[in-house]
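Visitor: Here it is: the structure, laid out below.
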Amino acid sequence: MKNEIKIFSPATVANVSCGFDVLGFCLDTIGDEMIIRKTNKKGVFITKIEGFDLPFDAEKNVAGVSALAMIADAKPDFGFEIEIYKRIKPGSGIGSSSASASGSVFAINELLGRPYNKTQVTDFAMKGEALASGSEHADNLAPGIFGGFTLVKSSSPLEVLQLPTPNDLYATIIHPQIEIKTADARAILPKLFPLQDVITQSANVGSFVHALHTNDYELLKRALQDVIVEPHRSILIPHYAEVKSAALNNGALGAGISGAGPSIYTLSKGIENAKRVEKAMRDVYANTIIAFETYVSRINTEGIREI
Ligand SMILES: Nc1ncnc2c1ncn2[C@@H]1O[C@H](COP(=O)(O)OP(=O)(O)O)[C@@H](O)[C@H]1O
Ligand SMILES: N[C@@H](CCOP(=O)(O)O)C(=O)O
């Protein structure tokens, strides 16, 4: 069995407008790298973090918390060192904490000879994600671990459905360089919603899943609406309405807040449309003082992978 593994842990888009805490998909052009190796000393030790200032204490870093949860169950007679090469900015809305929380347990599971299935790996990763966001949600973790589009049917007990990915679907992301902590963006949401909004949202998530199964781009377009969360969170994102309109006016099938923001995601049919949408979104921020990054990505159907 291997003593060391290097992985690519991709960024992910949670919620996908209509599926708060349940829908997500996996990106390909941005993600963290991690090296995990066995050590004689028992425990979990974060030995290197490059890219961003994050805690080395395993109990304060999401990668360490999920790893500790897995080894508490697996009880190996050795420990693990973790190196994190962070490319996804924390507080980005494209699953920065999730990439670390899922990457460590994906890798440890490989080094242990895969005793756990993907759902169990996701369950351990949820312990890490809870540290960052204050709640055990798996909508970023599941697409990272399973690949493609996923739906979290239930968090407890955890049940994840892997959904089909239409061939020609591309994502464009714009990430204004401000930080929104997921925990803060969750705290501002109301606890109760009007029944009519819940009905609209449920119909959209069902329609979206059907559209993925049938490659129905027109239905997909109509389903990518969020009447529940977007009105409360969009005010935290500079020029949100303008960026969204620019994307939709330039051929995007849908646009919305990626995870808890500030990133904005869009889905387009074909890479040429995705690139046109990228330019339109960049043009909005280009006339402001806001620094930003953009990514165009195919949907990554493999998820976390060894590199
Ligand atoms: N390995 C890690 N990677 C990213 N964030 C981490 C990590 N460990 C702890 N954190 C904390 O998690 C928070 C970022 O997570 P979150 O707010 O969910 O952002 P994101 O949407 O980018 O995942 C920050 O407070 C950060 O310090
Ligand atoms: N469903 C969560 C997703 C948070 O995603 P992140 O990428 O911002 O961590 C939420 O919307 O709170």
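A Cβ is built for glycine as well, from the same backbone N, Cα and C atoms used for every other residue.
Pasting the relevant annotations from TrEMBL:
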{"type": "DOMAIN", "residues": "68-148", "note": "domain 'GHMP kinase N-terminal'"}
{"type": "DOMAIN", "residues": "209-286", "note": "domain 'GHMP kinase C-terminal'"}
Visitor: Is it possible to list how many residues within the domain 'GHMP kinase N-terminal' (68-148) are helical, extended or coil according to DSSP?
Guide: 45 helix, 7 strand, 29 coil
Visitor: So how many of the residues in the domain 'GHMP kinase C-terminal' (209-286) end up helix, strand or coil by DSSP?
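Guide: Across the domain 'GHMP kinase C-terminal' (209-286), the residues distribute as 46 helix, 10 strand, 22 coil.
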